[in-house]
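This report refers to the structure that appears directly beneath it.
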Protein chains: 2
Amino acid sequence: MNILVLGAGQLARMMSLAGTPLDLVTLAYDAGTDKVIDPVSFKQYDMSLTAAISWADSITAEFEHIPLPVLALCEQSGKFYPGAEAIATGGDRAKEKALLDKANVPSAPYRLITQQAHFDEAVESLGLPLVIKTCQAGYDGKGQWRLKTLADKAAVWSEMAAFLAAGTDAYPHAILAEKMIPFDREVSIIGVRSQSGEIRIYPLTENQHTNGVLTLSIAGKEKAQIQAQAEQAFSAVADALNYVGVLAIEFFDVAGQLLVNEIAPRVHNSGHWTQQGCHVSQFENHMRAIAGLPLGNTKLLRATAMVNVLGQAAIPREVLAISDVTSHWYGKSAKPGRKMGHINVSAANLHQLGERLAELAEILPEADYPGVAATAQALVLN
Amino acid sequence: MNILVLGAGQLARMMSLAGTPLDLVTLAYDAGTDKVIDPVSFKQYDMSLTAAISWADSITAEFEHIPLPVLALCEQSGKFYPGAEAIATGGDRAKEKALLDKANVPSAPYRLITQQAHFDEAVESLGLPLVIKTCQAGYDGKGQWRLKTLADKAAVWSEMAAFLAAGTDAYPHAILAEKMIPFDREVSIIGVRSQSGEIRIYPLTENQHTNGVLTLSIAGKEKAQIQAQAEQAFSAVADALNYVGVLAIEFFDVAGQLLVNEIAPRVHNSGHWTQQGCHVSQFENHMRAIAGLPLGNTKLLRATAMVNVLGQAAIPREVLAISDVTSHWYGKSAKPGRKMGHINVSAANLHQLGERLAELAEILPEADYPGVAATAQALVLN
């Protein structure tokens, strides 16, 4: 069976690696260069997008900011999962909020802003501080404003107005203002929905971000009550979208109450730990779902943490001497801050996981790998 | 780091899949066609063997019957693991026996035969029945004779004589006669030795053969005493060969005493269960060893069984609905009896493993997948 992935980065690569043993052959379409490539060897294929679409039995995406003409072609083929509506929702905060409201899933109060009157009303009714984000562009901390005091309102509005004015009739710009709610931590839920509507959900993951980018995830330490809340939100969103494949939902944990931060209609960085922490990873389950195969086990196999490798040219080889540490390298050329790979650490229990993370922290500099030492200490003391 | 594998079958493919996340790029050399290919996509590279050898940082092999000129070229490069001597030993029963004698590792009594007088002496001193095998060619049940009664001696000798006469000065033919020893079962040990001589050994595997071909393996049910015997044999053989990489040793279990049947200087079919049964598989550990990376954990993670898929055009998809069943497909064109893929089944304990194998046996016909139902029953009753 042939799978085409829109996007040719590490997510396509790991989908391909997971699909190969299932007899799924994967090619990736790089929208930036308009090329079809093998996402593992990066070897280029002499194949147009149209030819790749007819070659494929199923089509999926590794990111949500896909050029609309490409998305339309894929949708027309009738083979595209999770579907254009899900991709559009993941790529547009206004659609995302509308979906959450419809599915009755809690998130922070918000206002949609396309003109100054909306902004004035938002400041008035939601109150400060506000988190303000462009609806369609920007992720990982780019394209955002924070309004903390009224004194800054005019300056922020002038930047917002410039962004709104840059929109066109075909691609209108919009902005979403959300009440900034102090939260205790960020968690996410990853799950998978099959073509027949069956849902399987992984254990909740606790995530640490540094400068808006995920740096560390841990799975295997959540209570049943909070897992149940996340699962309810997952099922409501996945069913509302008639979703097929892996879907990720990021939450703020506000004193035990989960508020949705963001939806990602794809395999997700905060689910990379499933490669070693579960019998069937998010990548394999996504491939199973879009290929119409039975879904795999999503239960926790072992407590597992994931550490992102950002901008480094290699994973230090001595890391592999630590027991049950697994390297995942993406084969990309190094750039500052770029996601180059990740390290999974597994253990029989959380205490042992802390000990292994402590060994890891001795090798990895805190500046490049923030939070590893502190997380290790917290797990060992617990 | 670049890895060249001699041989372009499923073992090269699974080495490549295991090496990719370690930042190891693998190409395979198919000696039959003299082509360099990607062992996962099967895409052909416009590269000669000589060019591939200089491209590679490390070279290894997926089988032991490599044409001597190819082996010589690789050995000259200084990058070949486990080394020509180990490959030659694995591909020649006379060398294998000499090694076992030197390393003081028990195996069945034998005689080397290159003329009729040797054969007469073997029959006389070893007694009947005898298992007679060509030293270099043949595996998986091909190129063998069994002499059970003296009445058959002349007929068997005439076939043996024809084989011996077909040898040349450059490639002399030889035959090895072994006393046939009744055994209770066949087991194997897989382990890995690093460039610095560190050894790590997986749990012993019990193997079932049908018509001379492996059909089923189970790991996770062996006692410490028999594991210790196998580990001692492994270390003696690996050290004697100054071995680097994964090595497999097959044994006959004769009332708790292990006698070596065969040595395979490579990753081995009876170690495929390690992909799900251990944190680090035989494929990853082989790649780590030849790349000079630290070795990974070889302890049992979960009781796991492997079922070979022989000649079937696909793995039935409903198999994937059974919990913790993993498909490994090789992407080859189907031929009767050909190794097409394998199925790994994992469980928290042997009883649960038996239950899952019983589910599997309901889907897989006994004629195509012998022994699954009986093994399931034995595990559940135990």
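The backbone N, Cα and C atoms fix where each Cβ goes, glycine too.
All annotation found in TrEMBL is predicted automatically rather than curated by experts.
Pulled from TrEMBL, these are the features on record:
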type	residues	note
BINDING	A:Arg93, A:Lys133, A:138-144, A:178-181, A:Glu186, A:His209, A:261-262	ATP binding site
DOMAIN	A:97-291	domain 'ATP-grasp'
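According to its DSSP assignment, A:Arg93 (ATP binding site) is helical. According to DSSP, A:Ile181 (ATP binding site) is assigned to coil rather than to any helix or strand. For A:Arg93 (ATP binding site), the same-chain residues 6+ apart in sequence whose C-beta sits under 8 angstroms from its C-beta are A:Lys133, A:Thr134, A:Cys135, A:Gln136, A:Leu176. For A:Glu178 (ATP binding site), the same-chain residues that are 6 or more apart in sequence and have a Cβ closer than 8 Å to its Cβ are A:Ala108, A:Pro109, A:Tyr110, A:Leu126, A:Leu130, A:Val131, A:Ile132, A:Lys133.
Listed in sequence order, A:Ala108, A:Phe252, A:Val254, A:Leu259 are the same-chain residues at least 6 apart in sequence whose CB falls under 8 Å from the CB of A:Ile181 (ATP binding site).
Of all Cβ atoms in the shown protein chains, 19 besides its own fall within 10 Å of the Cβ of A:Asn261 (ATP binding site).
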